[in-house]
Amino acid sequence: MIPSFRPCLGSFSTFVVLLLTFSQLFTPSLADGYGMLGAGKWLYKPVCGHTCRRLIYNNPLLCDGDNATTHVHRRHLHGATNPPECFLKDAAFLRTMALCLAKACPRDNIPNSVIEEYWEGHLATGSVGDWSLHPIMSYQEALMHAQQDVEEIGEGNVPYAIEGEPLNVTSFVRDEDLVQYHNAQTWFERLERDHGRNGIAVAVSGVFIPILLSLFRFLPIHPLWYSRLVAILEKPLVGHRHRSPMVANLGIMPTRGQTLYIAYLVLTQIFLAIFPLVFLFPNSIAPTRQKHFFVLIGNRTGALAMADFVALFLFSSRNNILLWITNWSHSTFLLLHRWIGYCLIFQVSIHSAIYLAVYYADHATESQQPYWIWGVVGTLAFVVLWPASILPVRQKAYEIFLISHQILAALGLIATFFHIYELFTYNWGYEIWVYIGGAIWFLDRFLRLLRMVATGYRTAVVTTVDPDSEYLKVEIDGIVAHGHVYLYFPTLTWRVWENHPYSVLSTFTSATHSSKAAAIEGHGDPEKTSSSGSSSELSSSSAPGRPKITILLRPMNGLTRVLATRLGQQKLLSIPVIVEGPYHANPAIRNLASCSTLLCIAGGVGITPVIPIIKSFEGVKTRLAWGVRTEWLLRAVDDEIKDLVKRGARVETKISGDANGRFNVGDIVREELLQSEDEGDLGVVVCGPNGMADEVRMVIAELGPKAKRGVVFIDEAFSW
């Protein structure tokens, strides 16, 4: 694939998502306005009109109609006893409605033009306007007839409408009823507007805060204070582990920098779930402060949970455009993806628990409704996602985690859509969040498919590197790739969808071995651990001059173990493979361009990303310290190491089984960082075991804030 085409895929995905979003915001639907409540749609306009109708629409009318045509909604339209056509032709209703409007709307300074527009489109349907249903008389005509009725019988003899009682004659509405219903409509519309705006704030800030935080790297000159600040932020929040799991495998401890975003995320979710907190009494919907609070929190947590779909699906996608915009690593976005998921689960749980309490007395009836059933399905799907995705599950049952994660996420998204549809159909725009989340998910899969089509259906040649098959070498002809690729082996198991990322080092484009530098991924998760190189002892059978990628991997559990078993005692295995890629998981490697010295520390197959990084910054003073478990791995990349030495790199290797076979990585970093004769920034790249990477990180966090030279730290790792 053409290298310049890769960022275009991400830009294209963002363009399509934005296009879909704006198409939804500006596409008319059944309800008033465009978009969603709080951003283009309104619930009660004018409030006085909806208040008057709410006061009398439940009164039985002397009218026969087809009840089958009635479609109302319990939460917003409150369920009517009269068919819509009765509201258009019943004289008592029309005249009583006109008198109420003439009394209530002047208090809100509503002009007659707005009243007449409401009259023409909302009498039959309430909140959802339908201008195809016309009343038999205009507002002015109904008001004139009503005033004539009042004059005829005398104002003191006009009866008052009582909710639920038959409405047979022109009637007044009581002031106390008007006030509490008007307050209720005003309050509820304010809540729904705030739900929409708070949801937009969560979605937009969740995506753009990383962009804003990353803008610091565009300062004209990176001063020493900036490097010292970054060193402080790279330290784990608590303790000395970041790549290594916390005690009892509870999870990954975020760095201080990552914690800033996580803290903003959590505090924003809590704050916007509560505020603005509005109380308005007397109130027919929520007569007590407790009911006010329940309705507000119950509805808003549901809205915020849906707004979380945007960042949740974007951060988890392989084609995340924010990778290129922010320079943050894919592992960082996966960590943030998990925290957004925690927030979503929290919001969904609160939403469901509150409405279970609110409708507890009516549970037997409500639980049979489709909206309730779909709500339960969605809640369970999201809640079960958490225990099914914790770190021990990901480590011990990675393949099960992958498929269950996708199924539960898709089920939660689908259930959310039908939950909204059964409640509101397409009236209020809540479904837009589902569209955006689903669009990101499907678009990411579509772009993955494009990458697979671009590379095509290939044959992988698998050989063993050592007698014990501790390492395997995979060569795929006809592909030029830089970075890492995802490999599918469709004939290896019945689970044809399984794929894992593997690092790419060598790409043969001519008869001469030419290594292409790339950002590499695949060292945090055992199943993704890989290396790549050329070896005279394991030379390819491919014809010289043909493009070919080479991967060196260490079989663990799962797909690579099945591959090793299939290879068995054979010296060579040819197997069909589908290649998806290439990808770059850590765009921050580009920051090494500002460094005058490069220190690379690798452990085992962690040499994979280090070699191309060194070659891509040729001419920079470079030191490589590489510790391995076996001499076979040294031989596998012997040509690459010799090439580095020819380029002027200082290379040190140790085998862990030998005496003094382990590097003291802390001392190495201290030595380079405290070199007084060197000027310019020091680039430190580490790739290897979790403990080694954490040790390097802690040394930089300790010395970086006090160092006289800047430090660019790259922890080249990938983990789920």
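Glycine is treated like the rest: Cβ placed from N, Cα and C.
Computed from a predicted structure; not experimentally measured.
Pulled from TrEMBL, these are the features on record:
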COMPBIAS  530-542  compositional bias 'Low complexity'
DOMAIN    301-415  domain 'Ferric oxidoreductase'
DOMAIN    601-697  domain 'Oxidoreductase FAD/NAD(P)-binding'
REGION    519-547  region 'Disordered'
SIGNAL    1-31  signal peptide
TRANSMEM  200-219  transmembrane segment
TRANSMEM  261-281  transmembrane segment
TRANSMEM  336-359  transmembrane segment
TRANSMEM  371-393  transmembrane segment
TRANSMEM  400-420  transmembrane segment
TRANSMEM  432-450  transmembrane segment
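Here the domain 'Ferric oxidoreductase' (301-415) has, by DSSP, the following mix of helix, strand and coil residues: 96 helix, 0 strand, 19 coil. Using a Cβ-Cβ cut-off under 8 Å and counting only residues 6 or more beyond its ends in the same chain, the transmembrane segment (261-281) has close neighbours at 183-184, 186-187, 190-191, 194, 198, 201-202, 205-206, 209-210, 213, 254, 287, 289, 292-293, 296-297, 300-301, 304, 308, 336, 339-340, 343, 346-347, 350. Residues in the domain 'Oxidoreductase FAD/NAD(P)-binding' (601-697) partition by DSSP class (helix H, G, I; strand E, B; coil) as 45 helix, 24 strand, 28 coil.
Summarised as a single figure, the pLDDT of the domain 'Oxidoreductase FAD/NAD(P)-binding' (601-697) averages 90.
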